[in-house]
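What TrEMBL says about this one:
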- 174-276: domain 'Glycoside hydrolase family 2 immunoglobulin-like beta-sandwich' (DOMAIN)
- 283-435: domain 'Glycoside hydrolase family 2 catalytic' (DOMAIN)
- 613-691: domain 'DUF4982' (DOMAIN)
- 706-807: domain 'Glycoside hydrolase family 2' (DOMAIN)
Ligand code: GAL
């Protein structure tokens, strides 16, 4: 149940179960009497495309999955006769794409944009008591409508709400803290109260409750005889010595609004409240609660790898946990509104959110003929407004973005469109600033687009930060998209050299390969350090995502818009973490820059049996001062970070008119070592003392499979997940870094296999399966609980000639 909704009164219920689904066109499927007996039974959230199959006839740019075409959902349900006078509505947190919704045969609304929650009033059309109601939803995601994998279907949660006729309107509160000091915070609260019934003596009670349950404020407002219609109540409160919401300690209050009608509590509504002080200093970045916070951010697409676009709370929480362990303190929801779970978790975990609305405005991007530009004119105002209304109470949200690399950057009218969108954002939420990401800053500056937003975002332009700040000293600046280096976990190509693509259809993990605008992470580190005016960065991307298989697949302008030239490459390699959540080497490069807990990481692996005597570049990432490398016990010398620079053969920065063939990185340490099997060991030192170390050994042949669950106890709610890392190891317990053994999974008892994966971007092996090959020694098994089934989940594997031990997870 969502945090937002007080449910003591049972007002909000999950509406996820007992749906029927059918793919393809249907005639009369909205009608109550329609025969749906042959349809597939599904529970929501549901993504009809993720089960595949992957096929070359589907665009690899969208994951090579069958997401487009029509799909229908139907559900029969009863509403008790006792609820006859109530207000009944249904909310879809997301519906991909172009939802048309019908109740008992009547059309009640359409919403093209798939990333927003929409609430539909069912009240006028309902049957009560024993007579069934039928809700039907048609969706029609189109081919060439997006630059990534969008998912398909009712892929986010669905809720049924039954409210008294007098109730706080859906998304009907708006809380701001116009004045925050350490001593006190002013809390302004606007509450919209609906009365869909007759006149009633009503009262609004408001409580502000701290995280430990202490009621810090109690207020009540007599509404008198509330007439039919909507009434807006404005209140202002003061909290003394407020506990602040911070990335370190994300304390939240909640506001509980209760409606008392004729002496009885008939409605309760919860609003999150975080008290924090935000300041954007044009010459010194972003300040949270009076301290400068460097934005160590990642861009994230909304898919959750092998489970697709499904907005599973645990999948999202794990994603954020992995990002936080890399040092991330902020996320840009590229390039669309996120799920409520994502924002709610960010509130809880102390992650700052840049919530982004659109990837295109009115002008088509590349070959995406059926993109949002088709709907922009008619829908932008409602979509942007609704996005902001849905998330403007969340303390984690610290700025809005109205667009990513929109084509209007180079058009005369771009400035006017940006002004219009910024105005909408400011009207709906005067408390937050507005940004947009530009990959063509000169264009956006010239046409007034950059000046029309509060915080211009610069994509891939570190060399010009200083100049931009000098030219526009009053603009707060953010590096809204950076680096775009690609890599495949556990893959290394020798010698280290720049290439466009590689026969293996993978990308080396020395982190130097990317599209023409890309550059190694450390270029960004270097220029951000030189320009504190820029508040920090959002690197592209935290996780690999489905679709956009750059550098594979071909070019967009190659013809039909399909990126299938290097099939089966069907997912991205931009992530610091692979599609199933295993860190790549790049994760540690960011960790070395973004965290302070002593760490050192060495690459590559040490299994190069066919390269004995050849030179292997060894690199170390650390947040300590120095690193010493030992090869089979012999020191190869101690190197000092920032002083002993690593040579990288790269060419990059195409867009800034400066092309470099070589780069000396002060952020990694490099030794060139003649390979002999055995071990490499790195020891990191700070102030002469050992701070961290890591050993990598040459592994023998695969001998065993080890299963390591991230959680051994999960909720028996039919949603919760355990992610089980599957490692192929030699007899001594070393991970075999090139192992690709086929592994079969057996899951029995109170759980089921939700999905499998391994982070290989170039395979058509299905995610929904009971088998998976290891990829470079690792695979992932995702197990889900069964609804209401408490007990053991027994998990074992079979892999030819390999030993393994079963494990048990508890569903509680
Ligand atoms: C950017 C774009 C992202 C992604 C990235 C890949 O220009 O905003 O969505 O396509 O390039 O490098």
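Using the three backbone atoms N, Cα and C, a Cβ is placed for every residue, glycine included.
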Leading stretch by Cβ pairs under 8 Å, where the reference is the domain 'Glycoside hydrolase family 2' (706-807) and the options are 174-276, 283-435, 613-691: 283-435
Average pLDDT across the domain 'Glycoside hydrolase family 2 immunoglobulin-like beta-sandwich' (174-276), rounded to a whole number: 97
Helix, strand and coil counts within the domain 'DUF4982' (613-691) (DSSP): 3 helix, 51 strand, 25 coil
Residues in the domain 'Glycoside hydrolase family 2 immunoglobulin-like beta-sandwich' (174-276) grouped by DSSP into helix, strand and remaining coil: 0 helix, 74 strand, 29 coil
